[in-house]
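As structure tokens, the structure follows; a few thoughts come after it.
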Amino acid sequence: MQENLRFASSGDDIKIWDASSMTLVDKFNPHTSPHGISSICWSSNNNFLVTASSSGDKIVVSSCKCKPVPLLELAEGQKQTCVNLNSTSMYLVSGGLNNTVNIWDLKSKRVHRSLKDHKDQVTCVTYNWNDCYIASGSLSGEIILHSVTTNLSSTPFGHGSNQSVRHLKYSLFKKSLLGSVSDNGIVTLWDVNSQSPYHNFDSVHKAPASGICFSPVNELLFVTIGLDKRIILYDTSSKKLVKTLVADTPLTAVDFMPDGATLAIGSSRGKIYQYDLRMLKSPVKTISAHKTSVQCIAFQYSTVLTKSSLNKGCSNKPTTVNKRSVNVNAASGGVQNSGIVREAPATSIATVLPQPMTSAMGKGTVAVQEKAGLPRSINTDTLSKETDSGKNQDFSSFDDTGKSSLGDMFSPIRDDAVVNKGSDESIGKGDGFDFLPQLNSVFPPRKNPVTSSTSVLHSSPLNVFMGSPGKEENENRDLTAESKKIYMGKQESKDSFKQLAKLVTSGAESGNLNTSPSSNQTRNSEKFEKPENEIEAQLICEPPINGSSTPNPKIASSVTAGVASSLSEKIADSIGNNRQNAPLTSIQIRFIQNMIQETLDDFREACHRDIVNLQVEMIKQFHMQLNEMHSLLERYSVNEGLVAEIERLREENKRLRAHF
């Protein structure tokens, strides 16, 4: 278990607990509501806590670096009762009694977008794994998916008005799997691509179900609780109930610890039970937490990187640890169930931060991993189609945030983390709450030791597009080329990856990326040269699939050319829809990042599939050769002439014995 990992619970007030000892660390209440606090959410760097009350008086952002201190108040009097942060903690989604879902920009402290598709009170909101969609549920039983990139909402789906949706959660492994619980005790797993039930667990709870939570380390496991005092564990593959426990009191809140082995469950009598999944007969610990019912429990994000996540290295997405992303075993396309932690937010492309060349060159394998970041992984056997649905949408609906938005919101000086051996690194410098600079001197950030081989890097989504000095760019390019030769040993692969990056660059430049005739052209070309190095380093670090060797360069070249051409066309079409010389908004850049990431994932999956097919074909050929060899041995190992001669001699011997 991570040292000093904490969790927060809400009831009549907010309390912060030590996760290992279950002892009280702090308590506070920034709200004036007599009905308690209904929703809480940690920021990605664990330094801030966002809260909303049951009466919807306001949304409060509090600093929890030292003593809890309210810093920011939003939505005063707007009756917002449920909150959720995106993976970068730059945007906050809320819903409440006014039937509205609001997206807040925490830098400007204003409503970024307001969605009024619900007909009744919004009870729960959540972002999906890549922050492109928001799922919200209401008292009327409706579930609506809102696209952040296209500003479109799906047709409401659900089970009817008699089934108020009480809680929604996305699976951490199957990106298109959404779980919901309702008042009539039905637990439903939804396929968000088709907006139809993947499976209904009917009448598993005899009273209203109150919470659902997916395991952060096991792709098959999730748990629900209800007012019938039941804790039920499920298997998503067999669609069966694994185990049912009965507690002493009605249960109201649940969350998994990042290690995946511990559950924290709140009850209507203010108690919190800690269960160990390895011995589920009774709770390991029980504490009296609140005077009223426990309405919400939220664990901090884990900042521990395990060996398995390091081995995965450059697989998909960057670093600390987030509920919405979990490592996937590249060898089998399945999930590596041991030692996986929640991975923290970042963008969809591995972020490259400038590092000293000498230290990077001296670290061997880890040097390339650190250069490319430690990316999040996505599930290769269930690729979500959610982002695909927004690829062809017109970007004209996006709000242009102006030139200053790129520099002010995502400052490269503020967001870039400097990695030094043996030094302490503040976790989450690139967090969305850096809009509070005056607090840095008052509340020093919580320090966490960072080793040279497992450095956790934080940056804003735009760091991959920020320009850097030409000398450093050339050094990064040379280092990447040398590392490439060491790990791949294939000049053809290098050429194919460069071809991909050049096509991306040409497609982007043809889409009117320039904001000024001279200097911005150079900056824009640098923005796309960095992802070229990054893509190459990311694919270099990918371990061999199923222990096989590097794919055939001819196959890789042909697949890469097709993928690159289609990707450049999509990017050019998307950006070309903007008005002339308009700067890219953060949403557009994130959309392009997601598009590139998904294309790389498709390419990686295609390579994996080709290698598996090749191995299967080789096995078939070997089997056919074995059978042919057996038949030839049986056919030619026996000499028919000799056998006939032996039989003739035997008959002759018998005849001679009979006569003489």
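A Cβ is built for glycine as well, from the same backbone N, Cα and C atoms used for every other residue.
Counting residues 6+ beyond its ends, the repeat 'WD 1' (1-31) has Cβ neighbours under 8 Å at 37-40, 42, 46, 49, 51, 53, 57-58, 60, 62, 64, 67-68, 70, 253, 255, 257-259, 262, 264, 266, 270, 272, 274, 285, 287, 289-300, 302-304 in the same chain. Annotation comment: Swiss-Prot describes 1-31 as repeat 'WD 1'.
For the repeat 'WD 2' (32-71), the mean pLDDT of the prediction comes to 92. Summarising the annotation, Swiss-Prot assigns repeat 'WD 2' to 32-71.
Annotation comment: Swiss-Prot describes 75-114 as repeat 'WD 3'.
Residues or ranges marked as repeat 'WD 4' in Swiss-Prot: 117-156.
In the repeat 'WD 5' (160-200), helix, strand and coil residues by DSSP number 0 helix, 22 strand, 19 coil. Per Swiss-Prot, repeat 'WD 5' is recorded for 160-200.
Residue counts for the repeat 'WD 6' (204-244) under DSSP (helix as H, G, I; strand as E, B; rest coil) come to 0 helix, 23 strand, 18 coil. Residues or ranges marked as repeat 'WD 6' in Swiss-Prot: 204-244.
Feature annotation from Swiss-Prot assigns repeat 'WD 7' to 246-285. Outside the repeat 'WD 7' (246-285) by six or more residues, the chain places 1-2, 5, 7, 9, 11, 17, 19, 22, 207, 210-218, 223-231, 233, 291-299, 301-302, 304, 321, 340-342 with a CB less than 8 A from a CB of the stretch.
Swiss-Prot lists 289-332 with the feature repeat 'WD 8'.
The annotation phosphoserine is assigned in Swiss-Prot to SER325 (among others).
Positions annotated as region 'Disordered' by Swiss-Prot: 369-411 (among others).
Here Swiss-Prot flags THR382 (among others) as phosphothreonine.
Positions annotated as phosphoserine by Swiss-Prot: SER397 (among others).
Summarising the annotation, Swiss-Prot assigns phosphoserine to SER411 (among others).
Here Swiss-Prot flags SER426 (among others) as phosphoserine.
For SER468 (among others), the entry in Swiss-Prot reads phosphoserine.
Sequence annotations record features per position, and here Swiss-Prot assigns region 'Disordered' to 507-532 (among others).
In this view, SER637 (phosphoserine) is surrounded by 7 other Cβ atoms within 10 Å of its Cβ, with every protein chain counted.
Secondary structure counts, DSSP: the repeat 'WD 7' (246-285) has 0 helix, 21 strand, 19 coil. Helix, strand and coil residue tallies for the repeat 'WD 4' (117-156), in that order: 0 helix, 19 strand, 21 coil [DSSP].
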